[in-house]
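Enquirer: Next up is a structure, given as structure tokens.
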Amino acid sequence: EGRVEVYHDGKWGTICDDQWDDRDAEVVCRQLGLSGTPKALSWAHYGQGSGPILLDEVQCSGNELSLDQCKKSDWGQQNCDHIEDAGVSCDPFTGKDVQLCQSDAVGLTPTLLGWLSSPSEGRVEVYYNGDWGTVCDDGWTDLSAQVVCRQL
């Protein structure tokens, strides 16, 4: 999993997340030789890149062997900033539908604890129907926590 970068004409660059979806992620995972549950992530979920943004408006059917076979804008033709860098998760185990997060203030984009401090504690968030959300603590027990830890 991570920010998707492509190599073209002697340089590495990012992909804009306009039109970016799970079918595009499926092609990226296939091209990398990874299986699992492909998930497209947008808004620089894995951090902003630097350098050129090489692709925009990528629209794969999901059956292509590489991104180069997908419908897309011409190389280097884009109207994006790096805040729109596309990412992909090809996680073959959990599909990354549970994560532990923390944020400095309510409403800010969460930062994975593994990047800041201990990867073994934090607010539980689940991925459902294309969005991340928190879990209410009503009925939350140690057994519930054990299930999350096992899934992670």
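Note: Cβ is positioned from N, Cα and C throughout, glycine not excepted.
The domain 'SRCR' feature in TrEMBL is assigned to 1-91, 98-152. Among the features that TrEMBL reports, disulfide bond is placed at Cys16-Cys80, Cys29-Cys90, Cys60-Cys70.
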Enquirer: Rounded to a whole number, how many Å is the Cα of Cys29 (disulfide bond) away from the Cα of Cys80 (disulfide bond)?
Expert: 23
Enquirer: Report the nearest neighbour of Cys90 (disulfide bond) in space among the disulfide-bonded residues Cys16, Cys60, Cys70, Cys80, comparing Cα positions.
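Expert: That would be Cys60, nearest by Cα distance.
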Enquirer: Rounded to the nearest Å, what's the C-alpha distance separating Cys16 (disulfide bond) and Cys60 (disulfide bond)? Just drop the number here, would you?
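Expert: It is 14 Å, counting Cα to Cα.
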Enquirer: Looking only at the domain 'SRCR' (98-152), report the model's average pLDDT.
Expert: 69
Enquirer: Could you tell me the C-alpha distance between Cys60 (disulfide bond) and Cys80 (disulfide bond) in angstrom, no decimals?
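Expert: So the Cα of Cys80 (disulfide bond) lies 19 Å away from that of Cys60 (disulfide bond).
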Enquirer: Which numbers of helix, strand and coil residues does DSSP report for the domain 'SRCR' (1-91)?
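Expert: Result for the domain 'SRCR' (1-91), in helix, strand, coil order: 16 helix, 24 strand, 51 coil.
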Enquirer: In angstrom units, rounded to an integer, how far apart are the Cα atoms of Cys80 (disulfide bond) and Cys70 (disulfide bond)?
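Expert: Here the two Cα atoms lie 19 Å apart.
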Enquirer: Within 10 angstroms of the C-beta of Cys80 (disulfide bond), what count of other C-beta atoms is obtained when all protein chains are considered?
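Expert: There are 17 such Cβ atoms around Cys80 (disulfide bond).
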Enquirer: If one looks at the chain holding Cys70 (disulfide bond), which residues at least 6 apart in sequence have a CB under 8 angstroms from its CB?
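Expert: Set apart from Cys70 (disulfide bond) by at least 6 residues yet with Cβ under 8 Å, we have Asp24, Val27, Val58, Gln59, Cys60, Ser61, Glu64.
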